[in-house]
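Visitor: I'd like to ask some things about the structure below.
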């Protein structure tokens, strides 16, 4: 239920990351403002950490911890927002570039084909293999691990084709994400078609998202259609479009964030973070201010999408300690393998030997440790090879992102180290080529970096993220 991305980080000899501004990169730092054009995009490291945190929430609830807080629902909502946010941003940047080039219909067709093929190869192979394994399992194991109550309830074909009655346990999220993949291009084209009046569309959309978030209930997950979760996905897409538009305006006007705008952003972000945490924990500031939230009568998903998506945009425009927290290597690695963790953690949690652990901490370390080991094996043996089948070396939302030699995507110097065995590291003043053969077609891009950073010590990290 996630994508994958590529980061290329450049570190100066002082080991302090700077930001360069290619025409279509993603802003994530605040130190320099070089506006040299480049058609490729990159991704911000802290988003992988957010995804890693989301999968921790899911595993935490399924393992039996903090059940009163609906942490799994919070994590799934975060996945939905991150997925729609990143995919919309990526596709919108690509579309803007094609419009500026006055690309032919043929090129537009290839762009759409590339978009959908990458989405397919990113998520479907592991899902299909898991479905096949479940089909081969005796009913006892189907019931234990994926809560299938009757033998006739599992149909391999209907599961593989996302039939509403065959979305077993955690598999219910995948059909919704894949369905939304088809909406993203339409949304992007509508925003671009409106030109400078793009914001007019967002007024009724935000009113609808907020109304649905406050007054609709999302509880029967396994059988709910996309429409129930469409406001969540839409919130992510709208903030992605806002970011792209604001980024373009900043580059066009040469705007620099002075002290007053930064203070305003920090006040707004602090308010959003406080509100987000209060909703997640169903109290905090609501209780402290004397306006307690009503206690839920059944398990449901809280309304967090607008808060989370706006926090992401603020951190991308003006990074703070919030994004640095999520750039922690462990969280980023969990984000990388989060799809495998999400689909496979049940095989750890519901194994009798683990379930029967009496000691709280023994069980906690066993659950998270074994889930990470299983997901790591799954990622490198299934997910990563399947991504290569699309004809590109895909990385996550975080998955269409190409290596951008001119983009710096972290404000944390410690976040610049690779976290995976397949990461390619090249250092030194002559580091003008990636040694990874899959990146050979990007050699010309990397050559250009040599001229941009001449006289400096550079570090290139190709970081594969889930």
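Quick reminder: no glycine exception, Cβ is built from N, Cα and C everywhere.
Computed from a predicted structure; not experimentally measured.
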Visitor: Of the residue ranges 40-60, 145-165, 271-291, which one carries the transmembrane segment annotation in TrEMBL?
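Guide: From TrEMBL, the annotated transmembrane segment range turns out to be 271-291.
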Visitor: Which sequence positions outside the transmembrane segment (69-92), separated from its termini by at least 6 residues, show Cβ-Cβ distances below 8 Å to it?
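Guide: Same-chain contacts beyond the flanks: 1-3, 5, 26, 41, 43, 47, 50-51, 53-58, 60-62, 115, 119, 173, 176-177, 180-181, 184-185, 187-188, 191-192, 218, 229, 232-237, 239-241, 243-244, 280-282, 296, 299-302, 304-305, 308-309, 312, 338, 342, 396-401.
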Visitor: Hey, which bits of the same chain come close to the transmembrane segment (271-291), Cβ under 8 Å, at least six residues off its ends?
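Guide: Counting only partners 6 or more residues beyond its ends, the transmembrane segment (271-291) has Cβ contacts under 8 Å with 69, 71, 74, 302-304, 307-308, 310-311, 314, 322.
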Visitor: So what's near the transmembrane segment (169-190) in sequence-distant terms, Cβ-Cβ under 8 Å and 6+ beyond its ends?
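Guide: Answer is 1, 58, 76, 79-80, 83-84, 87-88, 91-92, 95, 112, 115-116, 119, 123-124, 127, 130-131, 145-147, 159, 162, 201, 221-222, 224, 226, 229-230, 233-234, 237, 241, 342-343, 346.
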Visitor: Which of 120-137, 197-217, 360-382 has the most Cβ pairs closer than 8 Å to the transmembrane segment (303-326)?
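Guide: Maximum Cβ contact count belongs to 197-217.
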Visitor: Any residues 6+ beyond the ends of the transmembrane segment (229-250) with a Cβ under 8 Å from its own?
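Guide: Non-local partners: 26-27, 77, 80-86, 88-89, 92-93, 96, 176, 180, 183-184, 187-188, 191, 198, 202, 205-206, 208-209, 212-213, 216, 218, 305-306, 309-310, 312-313, 316-317.
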Visitor: Using a Cβ cut-off under 8 Å, which residues of the same chain at least 6 positions beyond either end of the transmembrane segment (360-382) come close to it?
Guide: 56, 59, 63, 65, 125-126, 129, 334, 336-341, 343-345, 347-349, 354, 421-422, 466
